[in-house]
């Protein structure tokens, strides 16, 4: 068996993932949702314009995190049904495993999408953060010309990404923004090749759309 272990990464440190939140959610709302399960150490809310917000909530006692998942997963909150679970991590220490010191995660999956239109400063970490709104990302990579690849642990998460994250606003760690396109791997012949099958798909219908426009707070393009 490889060094990968599909663990419930937050179980040991009291952290849980909360997804499918309403767009106007605040940290105070999350505190109100979870305070009864135990003392909360930290709330990290990810609320990007145009995307469904998600959050990480960390309890002082890991057992409280288990209770919160049991009590709030599938809970109807306004018009939203919450998704509450342990965040998945690998290798036993949390975080995302990497192919090299600064490389992308190395676990692979067949539930794969390609992304085009990334800004020049967009990294695989930025791509992973953006795309995990659809579910658990096990691999993310960025190549030249603003093209990236993302693999999900579950088929339904891949399908959700294709429906909901296509033509959404992406922001890099340097503040550059662009609108990205998300499409199935089979629809493209960008730089990625399928080494397991040795074949490539047809040309992407997005190749004819022209160069994407980037918006940078640092330099003009």
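Backbone N, Cα and C define each Cβ position, glycine as well.
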(message) If I look at Swiss-Prot, which residue among 17, 75, 214 would I find recorded as phosphotyrosine?
(response) 214
(request) May I ask you to indicate which of 175-187, 188-200 is given in Swiss-Prot as region 'Interaction with SAFB1'? (result) 188-200
(message) Going by Swiss-Prot alone, which of 172, 208 is annotated as phosphoserine?
(response) 208
(message) If you check Swiss-Prot for SUMO2 cross-link, which of 36, 155 comes up?
(response) 36
(message) Under 8 Å between C-beta atoms and at least six apart in sequence, can you list the same-chain neighbours of residue 36 (SUMO2 cross-link), or say none if there are none?
(response) none
